[in-house]
Amino acid sequence: MGVFDKLVFALGLKKREASVLVIGLDNSGKSTMLNHFKSEDQKSTEIVPTVGFNVEKFKARNVGFTAFDMSGQGRYRSLWEHYYHDCQGVIFVVDSSDKLRLVVAKDELDMFLQHPEIRTRRLPILFFANKMDVREAVSSVKVSAALGLERITNKPWHITASNAITGDGLHEGVEWLTNQIKENLNK
Amino acid sequence: MADNERWLTAHHDPLAALYTFSSCMALADLHGDGEAKLIIADLGTGAYNMKLKVYKGTNLMSENTLIDLPTGVITFHMDTTEPRVPAVAVASGSYIYIYKNLRPYFKFTLPTLEVNPAEFDAWGQARDDLLDVSMLYEILDSLRQEVGECGLTTRSQRFLMCPDHTSQTAFLDQHKGFILKRQTVVTCVSTLKKSHSEDDAISCLVLGTESANIFILDPEAFTILNSMSLPSVPVFLSVTGLYDVEYRIIVACRNGQIYTLKRGTKIGRPTAELTSQPVGLIRRDKTVIVATMDHHLHSFNNKGKRLWCIKLPGAVLCLECLELRTLSLTLVALALADNRVLIYRDKHLVDTIHTEDRVSAMRFGRFGREDNTLVLVLKGGGLVVKILKRTARFDIQDADGPSQGQVVKLNIPKKTKLFVDQTMRERENCVLMHRVFQHDLYRLRLSTARSYVQALETSSNPISLSQTEPLKLSAQVLGLGPTFKLRVELQNTSPSCPSLHLAVIFHCDDRVYSVNKSYIQIPILVPGIIHVAETLLTCVSELGISDTVRVFVVKGKSSRPLLTAVINMPVAEVFMAA
Ligand SMILES: Nc1nc2c(ncn2[C@@H]2O[C@H](COP(=O)(O)OP(=O)(O)OP(=O)(O)O)[C@@H](O)[C@H]2O)c(=O)[nH]1
Ligand SMILES: [Mg+2]
């Protein structure tokens, strides 16, 4: 049973759709992470940089689950905002070994948080401090400080260190997101 | 304009301890992993500890020791092997060191120059003990006067630098056994694509040397494909085109000239003359942008025609081209001595970056995975990496459109017939009018010159320019009359010689004035000290007129005054009232 199946199960959704937006800079490991959630037969062996975006659908117990795997390349980042309206949760992936670009990730996050579609919503955001296995990687606490996450007061958020290749940390994060979305839907 | 409006500070290490220049920095994906590294040839202390440093992101990844001061670093593809990773070329002294995968791979040596025959003979004789040390010194010294320091070999230059006899002897003993060679050094490097223009196509190296040559090197065999000469030492190069098809090399030289070399030419064609020495040269599309030491930024087209020129607010330290592919825009960044980096779009200032120190080197390009990155190395050794925001735009702010005053229509009167006639006349007789004007101007100049000569001849000027008695005189009239006080200040302006036997004489019409002391002896005049001579002068004329009084400074028995001042006396007011 894949993680998204678990997610659906935990939500107790019947004939409902939940969509999650996966954003973050290029090369941060978004596609690798989503690939990890796919069932064995759907897993792709090679991950290439995403062009535009990919939609990963998971059908489980009458529920369609949609993850928008956005491309993180500069020229495609302007696409992100078109999907802000329809998502129930956001996963923001950061390459914690790319210290040089932490400021860029912060800049993108700030723009995301300032967006009219996002600013006022209580949208749960899950941060992955990915690539924690790489030698130069900084801790999730440092990533959190570099992104200035403590400023986010009107949205539930959570950060966890992860390794998208082995799957370490992914489940913990997604569990948190599941609970948040469930709470929101039950209201 | 706030600093962080467009630029994000990605990295700031004030303790990086780097000493380098723009030409010694490069950005390239050295490992084929999509992540560009920063390559810096560090000059160390300027004498030792030179290193080739490679930064991966914020970390120093590798260091290679360099044996001499680097003058340039460049990355280029020298073969077609996979993976397509570029080689690094470091120019240093007379050599080009090629590194592949950051390991030393090849060393290219510049061709030696011809040794001056007289110099060659001198060393030959010194080796065979036919010449002793002081004779050798004399021969080389006179040769240096003749051909200049640069015309000698480094060995002779070093020998001439030895301060005393013993060190000269030691130097001679140590070196006389070796063959005398005259080498030149690389001053600048660049690359030129060989036959394809793709980003990762094979490139030739283009070298500028102190011997005022440009060499194009074959990337595989490292032979000189083409050698060209210039009238002066090249300092900045800009190369475009393909070696096998057509290329153009624009060179800024130390003599403040820009030359163009093309395929098939052997000698640089003068293209433009700068107002001062160049501090950087950039080529964009069909224009060349050069910053000069006299605080100007010039733009020329390929033909050397000046397109524009702007005055900069300070001295330029370095220049870098910002090519923003995403915005299809090319900007020019200039680091100024007042801790600012100014960014120009053509001749319009569009952004300013403030730094805490002077910027000594700049490189813009892809660093890590970010395309628009500006790397700055500060004078104090700090390293700063700035990333351009995705949303940054560089629009030219038109100074808020035309101002209020410009919009208002002026009430211009109709042209009168007189005005039209006058204009017609001016148009028809322009040559004649110009001539008349020139004629009068020459006459004015002539009569000015005549009066000046006359003044000099009669010493009727208040400053004496004679070599023996440089003096300065200034006179003052005090009082309202009829009795005035004349105050004369005398100063010896020579640096060291005192003046002796001087006297001041007052001369006037005795029907108008009576002078109290018409002859005043001046004591020895020490340089720089102001001596004051005073006398009373009474107006005796009943007509209430005023006249001039002449003040002469004479020396000894000489009949000709050293200097003269003419004082126009005021009208005595008390008389007038009476
Ligand atoms: N060492 C390590 N490498 C990882 C990890 N996650 C992803 N990668 C590698 O990072 C590279 C980029 O991963 P992608 O999943 O394509 O990144 P992306 O965020 O989808 O990138 P774009 O589609 O371009 O936005 C791949 O080579 C992955 O193998 C990780 O946790 N550790
Ligand atoms: Mg992807």
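Note that Cβ sites are derived from N, Cα and C of the backbone, with glycine treated the same way.
Its own atom aside, the Cβ of A:Lys30 (GTP binding site) has 30 Cβ atoms within 10 angstroms in the protein chains shown. TrEMBL lists A:Gly24, A:Leu25, A:Asp26, A:Asn27, A:Ser28, A:Gly29, A:Lys30, A:Ser31, A:Gly72, A:Asn130, A:Lys131, A:Met132, A:Asp133 with the feature GTP binding site.
The Cβ neighbour count for A:Ser31 (Mg(2+) binding site), using a 10 Å radius over every protein chain in view, is 23. Under the heading Mg(2+) binding site, TrEMBL lists A:Ser31, A:Thr50.
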For this session: Identify, in sequence order, the binding-site residues in A:Gly24, A:Asp26, A:Thr50, A:Asp133 that approach chain B with a C-beta to C-beta distance under 8 Å; the answer is 'none' if none do.
Result: A:Asp26
Exercise. Ligand 2: which of the binding-site residues A:Lys30, A:Thr50, A:Gly72 have a Cβ closer than 6 angstroms to it?
Worked result: A:Lys30, A:Thr50
Exercise. Among A:Asp26, A:Asp133, all listed as binding-site residues, which has the most CB atoms within 10 Å of its CB?
Worked result: A:Asp26
For this session: Work out how many Å separate A:Lys30 (GTP binding site) and A:Thr50 (Mg(2+) binding site) at their Cα atoms, rounded off.
Result: 9
Problem set entry | Proximal but sequence-remote residues of the same chain as A:Gly72 (GTP binding site) (Cβ under 8 Å, at least 6 apart) | A:Ile23, A:Gly24, A:Leu25, A:Asp26, A:Asn27, A:Ser28, A:Lys30, A:Thr50
For this session: Return the residue, from the listed binding-site residues A:Ser28, A:Thr50, with the maximum count of other C-beta atoms within 10 angstroms of its C-beta.
Result: A:Ser28
Seminar exercise, completed: Quick note, A:Ser31 (Mg(2+) binding site) and A:Asp133 (GTP binding site): C-alpha atoms separated, nearest Å, by 17
Exercise. In DSSP terms, helix, strand or coil for A:Gly24 (GTP binding site)?
Worked result: strand
